[in-house]
Amino acid sequence: MREIVHIQAGQCGNQIGAKFWEVISDEHGIDPTGSYHGDSDLQLERINVYYNEATGNKYVPRAILVDLEPGTMDSVRSGPFGQIFRPDNFVFGQSGAGNNWAKGHYTEGAELVDSVLDVVRKESESCDCLQGFQLTHSLGGGTGSGMGTLLISKIREEYPDRIMNTFSVMPSPKVSDTVVEPYNATLSVHQLVENTDETYCIDNEALYDICFRTLKLTTPTYGDLNHLVSATMSGVTTCLRFPGQLNADLRKLAVNMVPFPRLHFFMPGFAPLTSRGSQQYRALTVPELTQQMFDSKNMMAACDPRHGRYLTVAAIFRGRMSMKEVDEQMLNVQNKNSSYFVEWIPNNVKTAVCDIPPRGLKMSATFIGNSTAIQELFKRISEQFTAMFRRKAFLHWYTGEGMDEMEFTEAESNMNDLVSEYQQYQDATADEQGEFEEEGEEDEA
């Protein structure tokens, strides 16, 4: 089997990670003690991707839980599925990172990283054929962002040919813990651009807007935001966890989704959007699902896809439905909105269907888009970064941990380069190839 090792780092990473395991354990019929009580062979067919089989038919998540302070992991341990995790896989410090990227990346995190790598090695050794790693973390804090990116680069060194996939929560002033989030996020993106193969950008701004506007929750809690995250994570990993043909492993997904190595930041979407504990009164039709899935209001990144173009798209439909209808609707979307898909990558939309719907829904659809509009998210963070950095505000917290201002400047320009690269491919057309021969005519244009 092709296994995935899951790592969750920091407070946010552990909270969304714990939710992810609750949701997928439920989908695979695994109870909180790790026993199987399911009703379908499909649930067990690819269970080994995310779970180890222990003695007594117990299924144990291939999960490593990391934090620089014990608090969040204690909550996970005492939470609904806390007993399913392997006790040795909790790795934590006592000092905390104090929302400081430098502490996570260079000082406190660097001291803990070797004990995490020991557990990573142990998990990888129990795999038959490891396909890669997935990390859940946020980019706004200290541990998930600083230590998370440190772990990525260390794992990259040791497993250069394995896929590195992240679920990265982007900070937003609407749901803010700290004022230095733009610093931490920019320093992290600087790392992610170079060291990951696939990054799902889960944007707190978008999650907040969905809760507030669509779900009409006046004061969304982290629990409400995380409900959306877990639905999305369950959706995008469906093809990895259930039998199917399309994007059935991390590498195939990367091959379909990433046309240029640096442009691997995906915009996830989900339909139908429901709030926690609400029941759906009627099942959506396939046309409604398709329409909602491509709607900017359903995107988990606060970017409007109509402001950019799709390089590639993957769609995952779940539930019992007609494949023919799904294909028709997906073609329909592309034909009606052809200007929003780059024409120089033909057939850049791929669709998968899985029979098992998520709990509480008859049908759902998950969207993964590699859109040039994701630059809006990076621009937003870059503007906030620049505002503080030009005054050198709060820098002493970072230089005090041994960082150099130069690293900030490099991170800033790397993120701005990323924005320009997205823009370049947004403007590119299919017939530009021939224009290089006619140098002379170019000047008049």
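Please read every residue number as a count from 1 along the shown chain.
Using the three backbone atoms N, Cα and C, a Cβ is placed for every residue, glycine included.
As recorded in Swiss-Prot, the features of this protein are as follows:
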type	residues	note
BINDING	Gln11, Glu69, Ser138, Gly142, Thr143, Gly144, Asn204, Asn226	GTP binding site
BINDING	Glu69	Mg(2+) binding site
COMPBIAS	429-445	compositional bias 'Acidic residues'
MOD_RES	Glu438	5-glutamyl polyglutamate
REGION	424-445	region 'Disordered'
MOTIF	1-4	motif 'MREI motif'
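The structure, with features from Swiss-Prot marked on it.
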residue: Gln11; record: GTP binding site; Cβ contacts under 8 Å, 6 or more apart: Asp67, Gly71, Thr72, Ser138, Gly141, Thr143, Gly144
residue: Glu69; record: GTP binding site; Cβ contacts under 8 Å, 6 or more apart: Phe92, Gly93, Gln94, Ser95, Gly96, Ala97, Thr143
residue: Gly142; record: GTP binding site; Cβ contacts under 8 Å, 6 or more apart: Gly10, Leu68, Gly96, Ala97, Gly98, Asn99, Asn100, Trp101, Lys103, Gly104, Asn184
residue: Asn204; record: GTP binding site; Cβ contacts under 8 Å, 6 or more apart: Gly140, Val169, Met170, Pro171, Ser172, Lys174, Val175, Leu225
residue: Asn226; record: GTP binding site; Cβ contacts under 8 Å, 6 or more apart: Gln15, Ile16, Lys19
Which of Ser138, Thr143 (the binding-site residues) has the most other Cβ atoms within 10 Å? Thr143
Including all protein chains shown, what's the count of other C-beta atoms within 10 A of the C-beta of Gly144 (GTP binding site)? 34
Take every residue in the motif 'MREI motif' (1-4), average their pLDDT values, and give the whole-number result. 89
Three-state secondary structure of Ser138 (GTP binding site) from DSSP? strand
